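Per Swiss-Prot, 3'-phosphoadenylyl sulfate binding site is recorded for 48-53, 130, 138, 193, 227-232, 255-259, and the stated evidence type is similarity to another entry. Sequence annotations record features per position, and here Swiss-Prot assigns substrate binding site to 106, 107, 108. The feature active site, proton acceptor is assigned by Swiss-Prot to 108. According to Swiss-Prot, the feature phosphoserine maps to 138.
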């Protein structure tokens with residue numbers, strides 16, 4: 001893994017005004033050759049919003065609830081991450097070559113950077129949105145452990161960057177709103193992390209209906225159990241512990257940290273919360289989306 005030595009903490013690179021992890025920005029060129037298929041299914045989220053959770057659910061659905069098949073490889077090999085590229089590890093595009101149809105794909109890209117082929121092919125999308133406060137806290141911890149990001153700095157300075165859209169993948173506010181708008185004209189199932197926490201079974205039924213598949217209720221119950229945070233946290237095929245420590249240091253903060261709603265309250269000060277709420281109201285004005293930041 002000597003390739004990884006120089007990967008630590010490069011500055012973000014801007015592409016079409018969107019800040020990205022340096023290596024991911026470099027992957028966007030090769031990604032132009034990607035061709036979507038009508039039977040592809042895209043999992044789209046802003047980072048730290050339940051991507052791996054919904055990926056595991058969808059892989060289980062595609063494998064007919066067979067747990068053994070879901071253990072065949074780590075989640076990032078089972079669900080290729082389109083823009084993923086880090087020295088020493090197969091890129092998303094490389095993983096894609098070995099992925100049989102029907103394919104599950106993952107992205108965090110905002111619409112400005114999304115390969116047009118996905119929209120042209122009317123590929124179905126499962127989008128998961130999570131409340132901004134929990135995303136910001138989770139992202140801060142993720143920046144610490146995933147060394148492809150720049151240094152996060154203090155929590156206060158990171159929160160300011162998050163609010164300004166100066167973190168990897170840019171503005172949360174724009175991301176959740178533009179994919180919401182797309183859901184009115186494109187086959188997008190728009191889910192909320194908080195709804196999944198509250199009643200995972202109900203949300204899994206929604207996903208099944210959306211992808212046009214049916215499974216017996218006992219299989220769905222098994223899926224609820226197997227894709228619970230507790231189970232996924234200890235599952236090496238889901239928890240990213242198979243990634244080299246030089247890239248993701250779980251001793252700093254585990255990839256699967258708390259998986260709860262409302263954890264932001266342990267991190268935000270009263271002043272930060274008030275400041276955030278004022279800014280949030282401005283940025284989300286006129287948007288019909290409403291989020292729950294506690295359950």
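Cβ coordinates are placed from backbone N, Cα and C, and glycine is handled just like the others.
A map of Swiss-Prot features onto the structure.
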{"residue": "48", "record": "3'-phosphoadenylyl sulfate binding site", "DSSP (3 states)": "coil"}
{"residue": "106", "record": "substrate binding site", "DSSP (3 states)": "strand"}
{"residue": "138", "record": "phosphoserine", "DSSP (3 states)": "helix"}
{"residue": "227", "record": "3'-phosphoadenylyl sulfate binding site", "DSSP (3 states)": "coil"}
{"residue": "255", "record": "3'-phosphoadenylyl sulfate binding site", "DSSP (3 states)": "coil"}
- Task: Report the member of 106, 108, 130 (the binding-site residues) whose C-beta atom has the most other C-beta atoms within 10 angstroms.
- Result: 130
- Query: If one measures from the C-alpha of residue 51 (3'-phosphoadenylyl sulfate binding site) to the C-alpha of residue 106 (substrate binding site), what distance in angstrom results, rounded to a whole number?
  - Reply: 8
- Query: Can you tell me how far the Cα of residue 130 (3'-phosphoadenylyl sulfate binding site) sits from the Cα of residue 108 (substrate binding site), in Å?
  - Reply: 13
- Task: Filter the binding-site residues 108, 230, 258 down to those whose C-alpha lies within 10 angstroms of the C-alpha of the residue listed as 'phosphoserine'; answer none if the list is empty.
- Result: 258
- Note on the structure: Surrounding the recorded substrate site, with Cβ no more than 8 Å from the Cβ centroid of 106, 107, 108 and those residues left out, we find 42, 43, 44, 45, 51, 81, 82, 83, 105, 109
- Message: As a test of the contact definition, list every same-chain residue at least 6 positions from residue 48 (3'-phosphoadenylyl sulfate binding site) whose Cβ is closer than 8 Å to its Cβ.
- Response: 130, 134, 135, 138, 139, 142
- Query: Fewest neighbouring Cβ atoms within 10 Å: which of the binding-site residues 230, 258?
  - Reply: 230
